[in-house]
Amino acid sequence: MKNVLSIQSHVIYGHAGNSAAVFPMQRLGVNVWPLNTVQLSNHMQYGHWAGSAIDAAKMEQLVDGIAAIGALKRCDAVLSGFLGSPAQARAAVEIVRTVKATNPNAWYFCDPAMGQTGGIRPEPGVEEFIVAELPELADGMAPNHSELQKLAGQRIETVAEAVAACRSIIRRGPQVILVKHLHDRNSPADRFNMLVVTETEAWIGQRPLYAFPRHPVGVGDLTSAIFVARRLRGDSVRAAFEHTLAAVHAVVKATYDARRYELELVAAQDEIARPSEWFGAWVTGAD
């Protein structure tokens, strides 16, 4: 069974960061080692919260502890999400390097959280660090639209521009870019676009966009987690993308139908593993 070290935020109540990522990956048959960068009572969009960030040095100490018992060599991938400070970002880089030195076959998938995540905003300097340092280290990245623009240093309004932006990042290091939410001026307003790009291929997929009175937090974290899990299970990029598109839609639809604010991960767990409604991806002709 594959193992992934997931370095993200955590909420006790609700689903964001590791609280949105761990269970879906486990449900898909992947062991998860959660390392929580932030521990909060709930995500901050409720208006009240309690909690704090972990010290960056302790992040490395925890991973050193795994290495000390001889288990780190079994880590097949590292997934990083919210990093609250430049010190945490640097610690994540050192952790990835340690994992890869221990297991050269391990890969790193970066969800480059640069904006407000569950109401949490990273400290100044995190965005600049991610843009400057992480593409060279990552084997894959999962930006949303605004994060893609920051990584590529350009405005993006069409699929063609998004593919070109992804390819510019791929030239820096990653093998695959998953765009978790793509705004395309040519797409219908009621559709949610996702895109995945490699050096030679690109696929786009669409699912329905639901008009939530308050949009649930953690959808992006869920998206990255499912894609990583399916890739670890051996799916091709396209197959992992299509499974992710379908499974995330199922969770979002279950949440919308239940009129909930928090993602209905447990209720929709069978759909995460075996989605009943699929949305085929198609190759884009964008160069």
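From the backbone N, Cα and C atoms, a Cβ is placed for every residue, glycine too.
Summary of the site annotation: Swiss-Prot records substrate binding at S9, M44, Q45. Screening the candidates D221, D235, D257, D270 against this entry identifies D221 as the one listed for that site. Annotated ATP-binding residues in Swiss-Prot are D111, A142, E147, and among K73, K180 the one listed with them is K180. For E147 (ATP binding site), the nearest of the binding-site residues by C-alpha distance turns out to be S9; the candidates were S9, M44, Q45. Note on proximity: among S9, M44, Q45, the binding-site residues of the record, the Cα nearest K180 (ATP binding site) is that of S9.
For the recorded ATP site, residues D111, A142, E147, K180 set the reference point as the centre of their Cβ atoms, and the other residues of that chain within 8 Å of it by Cβ are P112, A113, M141, P143, N144, L178, V179, G220, T223, S224. Neighbour counts were taken as the number of other C-beta atoms within 10 angstroms of each residue's C-beta; across the binding-site residues D111, E147, D221, the minimum falls on E147.
Its Cβ placed at the centre, Q45 (substrate binding site) has 17 other Cβ atoms within 10 Å. Across the residues the record lists as binding substrate (S9, M44, Q45, D221), the two Cα atoms farthest apart are 16 Å from each other.
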